[in-house]
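Pulled from TrEMBL, these are the features on record:
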type     : residues                       : note
ACT_SITE : CYS2                           : active site, for GATase activity
BINDING  : ASP99                          : L-glutamine binding site
BINDING  : LEU248, ILE297, SER371, GLY372 : ATP binding site
DOMAIN   : 2-187                          : domain 'Glutamine amidotransferase type-2'
SITE     : GLU373                         : site 'Important for beta-aspartyl-AMP intermediate formation'
Amino acid sequence: MCGIFGAFGFDDKSGGFRDTAIALSKRIRHRGPDWSGVKQFSNNILCHERLAIVGVDSGAQPLTNADESILLAVNGEIYNHVALRKTLKKKHEFKTHSDCEVILYLYEEMGTDFISMLDGMFAFILYDSKKDCYIAARDPIGVTTLYQGWRYSDNSVWFASEMKSLHDECDRVIAFPPGHFFSSKTGETTQYYSPSWFKHVEDQYPPVNRAAPKQTLKEELEMYGALRIALEKATKKRLMSEVPFGVLLSGGLDSSLTSAIAIRCMKDAEDGTGNDDDAKSVTDAASAWPRLHSFSIGLKGSPDLAAARRAADFLKTVHHDYTFTVQEGLDAIADVIWHLETYDVTTIRASTPMWLLSRKIKAMGVKMVLSGEGSDEILAGYLYFHSAPNAQALHHECISRIQNLHTSDCLRANKSTMAWGLEARVPFLDKEFLDVAMTQVPAERKVSGEKSAYGQKMEKHVIRMAFDVHKLRELQKKAGVTKPSDLSNPAYFIHPDTLPYLPDEILWRQKEQFSDGVGYSWIDGLKDMAEKMVSDQEFERVKQGWLYKEDAPTTKEGVWYRRVFEKLYPQRACLESVVRWIPRKDWGCPEDPSGRAQKAHNQAYEKKDGEAEQEEAAEEQPAATAAKKRGKKGGAANESAKSAKKSKA
């Protein structure tokens, strides 16, 4: 990824706007520290801050067509750029090896119709000097950030990767909507990404009283196979890189799956079993780092660090785990809010450790990492989903969360990493995987706990099953599936020699939200600091409506973050792009977004504690019986059992 900036129709009577534009673009140079570029036509200008990952030797931007009448600044990656080149009807002289240059020639031949053909994460601004018009577009889900601003004094229109390049100059600033493009010809913002499942809310699908669909064992196998193959393809295409890359490995399900798939893709490329352009790109990258490097962070003794180490040992990655202290996290809060451009509590909680980790990763020379964002929204992974009243409500909540990812997890993943010039890629938000997960998996399959019609106790059961080699073999046996041709897609078949993707303790590990998994005392420390930073009197004024009349915080922690945000971004225009992430109150969920605040989290750990006590009691019983047989006093046996129990604790 990179940083882009553009302004169109500005007043430049003094002739000094180029310097102003360069200064504004410099505010996002952390996104692209490798090179800077500027192109200007009259009172229209494009600036680019480059992070070189593909086409390293020749991809400097803004890019231009043959006669330099079209300018293009892109932030992101176009994964299908090779296939798109083959669709061009005319012969074009490509100037670079950049995956983004194809956009210029697609525009020349198709106008704006090509945008829906792009497969990738991107935000771009294109200016056509012959027609004196421009377009801007953002990827379908909003993995890549983009903002749009308006200055009323000269009716100019502005775009930038981050709000900090716009807020001092524009009267209004918005987060540009994902899956849309803006055209100066019409002055309208048009939606180009509208999959069929977007309409499920309007159509009230699935019906609220629908019985859970009955699937044959073969149909169930094919559902799991479709999910698995789609995620493998999504991960593989995201390994397109000419520089060393790694994986963010928290030890949770999502990051562990993408890491496991990446390992297999690299091995296939190394063995020569991959036969497409994606496999070749993996081979190129692997020459820089023959083994995959994985990275995790947490407080000392955190759940994530321990789980990440177990996953890394199983996958045989070169693992780097880092610890931070609560104080180091607290010291970073103002910087994190400056980079994130939000005051949302859960985003700041989760972003701070990620921001700290990204700095460590970049220091090792890594420019790109895979990350697991998106899975929880797609597959109802957050613990508050256990409180959904029915499958329809759960499915509609998934759709809403996906459509708003650009305000939360995508924003966090993008800005926390790009603060240090590190690019995060997210396989779960691949368009094809989204379609499979949202249309081929019945909504009832995502319901977990007591309300599950399929007896699925743990969240995201369907994706866990899709990668559980042992259970899939058992299912194949029950279904009478003995060979690949028994299934509609032979790739869905699990062969006898297929190795496990992950150990069961990782594949079936309960969801821990990142801000919890790094160590429970992290959130506790933030709340304690908020108590010191915000007095009872100030908080009472907030509750009474005297402060923050728009989107008022409801906790002292929220007040603290809002105060920092408004100090950094004092203009009223800056509030419009912020959206707060809050669990569903109407489902009876606590307002605190922490996974620990949800009932499902406590129930799971109460169950674990109960099971542990039963196991210890079972172990104590034989010890006591043996002691009696040896003629020893029961007290000695009890002391022995107590000692064993204490050592377990």
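Using the three backbone atoms N, Cα and C, a Cβ is placed for every residue, glycine included.
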For ILE297 (ATP binding site), the number of other Cβ atoms found within 10 Å of its own Cβ: 28
Query: Out of CYS2, SER371, GLY372, which of these recorded positions is nearest the residue listed as 'L-glutamine binding site' by C-alpha distance?
result: CYS2
Message: My understanding is the cutoff is Cβ-Cβ under 8 Å with a sequence separation of 6 or more in the same chain; which residues meet that for GLY372 (ATP binding site)?
response: LEU248, SER250, GLY252, LEU253, ASP254, SER255, SER256, LEU257, THR258, VAL426, PHE428
- line: Rounded to a whole number of Å, the separation of the Cα atoms of CYS2 (active site, for GATase activity) and SER371 (ATP binding site) comes to 18
Field: CB within-chain contacts under 8 A for SER371 (ATP binding site), separation at least 6
entry: VAL247, LEU248, SER255, THR258, ALA413, THR417, ALA424, ARG425, VAL426
Task: Under 8 Å Cβ to Cβ from GLU373 (site 'Important for beta-aspartyl-AMP intermediate formation'), same chain, six or more residues apart: give me those in sequence order, or none if nothing qualifies.
output: ASP254, LEU405, ASP409, CYS410, ARG412, ALA413, ALA424, VAL426, PHE428, LEU429
Statement: If you count the other CB atoms within 10 A of the CB of CYS2 (active site, for GATase activity), including all protein chains displayed, you should get 29
